[in-house]
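*Asks:* A single structure is presented below for examination.
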There are 2 protein chains.
Amino acid sequence: MSDARKYFNLPSPFAMKRGGTLHGARVAYETWGSLNATRGNAMLILTGLSPSAHAASNTEDPSHGWWEGMLGPGKAIDTTRWFVICMNSLGSDKGSTCPASIDPATGEPYRLNFPDLSLEDVANAAHALVKSLGIDQLGCLLGCSMGGMSALGYMVLHPDSVRTHISVDTAPQAQPFAIAIRSLQREAIRLDPNWNGGHYDHERYPDIGMSIARKLGVITYRSAMEWNGRFARIRLDAEQREEQPFGFEFQVESYLEGHARRFVHSFDPNSYLYLSRASDWFDMAEYGNGNMMEGLKRIRVEQALVIGVSTDILFPLEQQEQIAEGLQAAGANVEFVALNSPQGHDAFLVDIENYSRAIGGFLSRL
Amino acid sequence: MSDARKYFNLPSPFAMKRGGTLHGARVAYETWGSLNATRGNAMLILTGLSPSAHAASNTEDPSHGWWEGMLGPGKAIDTTRWFVICMNSLGSDKGSTCPASIDPATGEPYRLNFPDLSLEDVANAAHALVKSLGIDQLGCLLGCSMGGMSALGYMVLHPDSVRTHISVDTAPQAQPFAIAIRSLQREAIRLDPNWNGGHYDHERYPDIGMSIARKLGVITYRSAMEWNGRFARIRLDAEQREEQPFGFEFQVESYLEGHARRFVHSFDPNSYLYLSRASDWFDMAEYGNGNMMEGLKRIRVEQALVIGVSTDILFPLEQQEQIAEGLQAAGANVEFVALNSPQGHDAFLVDIENYSRAIGGFLSRL
């Protein structure tokens, strides 16, 4: 399989926010388009918890990316105009240094010896990557979901490093409902005997915990409204049903199982735990003496687009309103777009038409 | 401990909706107040998935019941006026015959040899109980949550058996979001090796599966809005935190853990699985040639009160609107009350003030 990933070696040692350092760490990234002469057309995309840097197909890797409909020549994020960088988060296992990576101090995988990970560490790694490319100021910083929190961290920690910002389905801090969901996902993994304190391998792997965690994720990433239309109460055919007590009987159960099967072995469980907890920890109030709005007001950008969706139960619309309000109070020219897409939190990955209109429109007016 | 439970022996054999029969089965119930001379003041309460028949304190058992604030002399459900019966659902382990009961055919617990359980079986057991008390027509049938579905089953299966109806936080059929949640709860139990195909005992018990199931339940029974006010991002004190990797750190996590600990050994896991699946199966469309509204229109009551709450994600308000619309179309005089209580699905157990006003008001106008 072709691979478009490039790698950036982080400064070594790389100091982590909550203590500890990484030695010889790196982040994986991909790019689309070309940096122009003024270096003013750079856009960085920070991703949600699980995606890789492969946001869209490119010459080196023609396979579809996770935001294929949004990104490319002539698309909402027009790569004939923008030099787009998408980074795999530090701590994620899609090429960046993570708990599954070899700890140079021991020659063994870090596992739980990986230092505490914060989204500010993701942001700092991204900032170092951008600087290494000769870019002093991003033309646009775009963050989706968890990546939207990382982006807020980026801007508050690195003043004047971003000209315009696009904030997609995200939050200025984790609320207790989201913490409860993520805590339960982590617990399902931690309580799986095969997790074994982080010492699993391919033979003895926490499949059950990862499967429950993923299903709970998918339930909260989508929405009841979408599923009423999509699955209703449709039963599985007799041959599709599980031949065991209390086995699957409805299409929605089989849909979740399909999602879980694709995920369980494609994401390192320890990396999942680290990134999940980093999301719970993130709180813009830390930058405002305990006041989240004051934290947001420290961010300086010229223009911002903040998008949310009314069916999102994990990052509810009021949290995007807070971001919009905070950036506005900080002096930015803010557009706030509240969509009614039925797909819930994942709408940004599915309702490409409406997200394209909002993002493409904003970028075209810059 | 004093015990107010009475027991009614079901007709034997008792035929179950999906096939199979129970022999020598019984249901537990409690009563408050006195049946009047015309036998017109009887009210039956059908419960949610986990409560017992002990809805409120009474002479035999002065301990607080699960709806203590609602039920008693001078309360919204005034037991000086009403003769109130609350039944523990067939299949539940709070005194009624359930998968943990001894199968007289083998002398061993039924476990998974218990026949398929439907909410219509719960309804039929309740109807037999009511008849055994010499009551031909209930003055009021009240059902909460799962009990509201059982109540719909009761009314459609037993025409003219109910004069007025109160429907609380329930649905005319399970929607895919609720099915997904309950399926994942069941899966957490099924995949716990200690569940062991239903053959657990106190030493080898599916604590982990039950704990995850309960936490997921509590998350969906409450609401994000309530938790923002109640827990926000408050941390546990250092001595309250779990001393283990990825252990609990936020108050909301400790709250869920408390709920889970109280539940895990107080509810039989197999009974939980049976009742959970019965909730998924329930569908008023079965009584309307595949059309849920047509099914509701077969119910004949004089007056009905339908209550729901806008923060309920498990039984969303639109489902109570459907019930109200269906009963109205069937000719009943229907009051529909949509509350904005922040507590989500569990509001009927917590927001006693507003539920009292609605239920007490309806009953006082009869």
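Every residue number used here counts from 1 along the chain in the order it is shown.
Keep in mind that glycine also has a Cβ here, set from the backbone N, Cα and C atoms.
Note: TrEMBL annotation is automatic and uncurated.
Note that the coordinates shown come from a computational prediction; the quantities given were computed from them, not determined experimentally.
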*Asks:* From the ranges B:48-51, B:276-279, B:320-323, pick the one that TrEMBL records as region 'Important for substrate specificity'.
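*Replies:* Going through B:48-51, B:276-279, B:320-323 one by one, TrEMBL gives region 'Important for substrate specificity' for B:48-51.
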*Asks:* Near B:ASP312 (active site) in space, meaning Cα within 10 angstroms, which of the recorded positions do we find among B:SER145, B:ARG182, B:HIS345?
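*Replies:* Final answer, ordered: B:HIS345.
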*Asks:* Cα distance, B:HIS345 (active site) to B:SER145 (active site, nucleophile), nearest Å?
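*Replies:* Rounded to a whole number, the Cα-Cα distance is 8 Å.
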*Asks:* On the DSSP side of things, how many residues of the region 'Important for substrate specificity' (B:48-51) fall into helix, strand and coil, could you say?
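*Replies:* When I sort the residues of the region 'Important for substrate specificity' (B:48-51) into the three classes, I find 0 helix, 0 strand, 4 coil.
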*Asks:* I'm checking region-level scores; what's the whole-number mean pLDDT for the domain 'AB hydrolase-1' (B:63-328)?
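*Replies:* That region's mean pLDDT is 97.
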*Asks:* With every protein chain in view, what's the tally of Cβ atoms within 10 Å of the Cβ of B:ARG182 (site 'Important for acyl-CoA specificity'), excluding that atom itself?
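*Replies:* Neighbour count, Cβ to Cβ under the 10 Å cut-off: 24.
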*Asks:* Tell me, how many other CB atoms lie within 10 A of the CB of B:HIS345 (active site), whichever protein chain they belong to?
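*Replies:* Its Cβ shell of radius 10 Å holds 25 other Cβ atoms.
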*Asks:* What is the separation, in Å, between the Cα atoms of B:ARG182 (site 'Important for acyl-CoA specificity') and B:HIS345 (active site)?
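*Replies:* About 14 Å separate the Cα atoms of these two residues.
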